[in-house]
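If you check Swiss-Prot, you get these features:
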{"type": "REGION", "residues": "4-184", "note": "region 'Large ATPase domain (RuvB-L)'"}
{"type": "BINDING", "residues": "Ile23, Arg24, Gly65, Lys68, Thr69, Thr70, Glu131, Asp132, Tyr133, Arg174, Tyr184, Arg221", "note": "ATP binding site"}
{"type": "BINDING", "residues": "Thr69", "note": "Mg(2+) binding site"}
{"type": "REGION", "residues": "185-255", "note": "region 'Small ATPAse domain (RuvB-S)'"}
{"type": "REGION", "residues": "258-337", "note": "region 'Head domain (RuvB-H)'"}
{"type": "BINDING", "residues": "Arg294, Arg313, Arg318", "note": "DNA binding site"}
Amino acid sequence: MIEADRLIEPIASVEDERVDRAIRPKMLQDYTGQQHVKAQMEIFIPAAKNRGEPLDHLLIFGPPGLGKTTLANIVANEMGVNIRTTSGPVLEKAGDLAALLTNLEENDILFIDEIHRLSAVVEEILYPAMEDYQLDIMIGEGPAARSIKLDLPPFTLIGATTRAGALTSPLRDRFGIVQRLEFYNVADLSTIVSRSAHFLNLTIDEEGAFEVARRSRGTPRIANRLLRRVRDYADIKSHGVVNQQTAAAALDMLEVDSEGFDIMDRKLLHAIIDKFMGGPVGLDNVAAAIGEERETIEDVIEPFLIQQGFLQRTPRGRIATDRAYQHFGITKDQTKD
């Protein structure tokens, strides 16, 4: 099982959520990166407001930690409406969803995180709600049970997921707007780090922000978490001031290397290179070799390694790329010895 305190884990901790609420941007003009998403939402939101209509239902997907919840809250702020937040696993019964829907006001937003984890029963309730703003509910039990329709105010459903492929086609097709969030480039992450440092009352120069950003795996949540640990280091070692040397020393101490890899990333790549001669190797064999669940490897560890060109998924299995060998200073001949 993956370590719960993995520093570059993109899943939010309680501390992350507390700090994120304080420093996350509130409006699109303050939203850094994801230019393709930002450009589209700068059209869709004013258009809906000008017509006095709710925004079309919005699906946001992408790896964890990229700002799906942040974007949902920005949409609510830009639309000037309330947002009610829940998650797929919390909505166990149809009544749980019905209670939320019936308490929405006109043009409000219902945000469902991890929407791919909705039960089939709850999902069925969503269909008429999304299409016709109607709620079909059963009253009574047995032979006396009857179905009644309740009218709902127009609303926007925003769904967020790390696994868009796990959504059923009927649900996915009901979203009028679909946005994919990509990993951030280092320049945009540097801007985010500098902005967060301001909110944390931390003095950091451009080179220091860049050093934190380049080790943050393209993920704002990780950048902000690393920044808090760098702040701790700087408070003790450099009078609370962060430059490139301070940031590098802090992150080296935390065993986050120049590519943003931690021990789990290195363990995965070393297993493929050392135990399976670079691959191809099946996911189950990799999972057994490093003692990790295949879902964790697939959803948490691999996406960044693949996106950065250190790992390939092929029909025959996983393959470590030339870049992975170069990162560790290993030649392919060495693995054959």
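Quick reminder: no glycine exception, Cβ is built from N, Cα and C everywhere.
Spatially close to Arg313 (DNA binding site) yet at least six residues away along the chain are Glu302, Ile306, judged by Cβ distances under 8 angstroms.
Around Ile23 (ATP binding site), a 10 Å sphere centred on its CB holds 17 further CB atoms from the protein chains shown. Comparing the binding-site residues Arg294, Arg318 by how many other C-beta atoms lie within 10 angstroms of each C-beta, the top residue is Arg318. Confidence in the region 'Large ATPase domain (RuvB-L)' (4-184), given as mean pLDDT, stands at 90.
Largest Cα-Cα distance over the residues recorded as binding DNA, namely Arg294, Arg313, Arg318, equals 14 Å. Of the listed binding-site residues, namely Gly65, Thr69, Glu131, Tyr133, Tyr184, the sparsest CB environment within 10 A is found at Glu131. According to DSSP, the secondary structure content of the region 'Small ATPAse domain (RuvB-S)' (185-255) in residues is 51 helix, 4 strand, 16 coil. Same-chain neighbours of the DNA site beyond Arg294, Arg313, Arg318, judged by a C-beta within 8 angstroms of the site's C-beta center, are, in sequence order, Gly282, Leu283, Val286, Ile297, Glu298, Glu302, Gly317. Each residue contributes its Cα atom, and for Gly65 (ATP binding site) and Arg318 (DNA binding site) those atoms are 24 Å apart.
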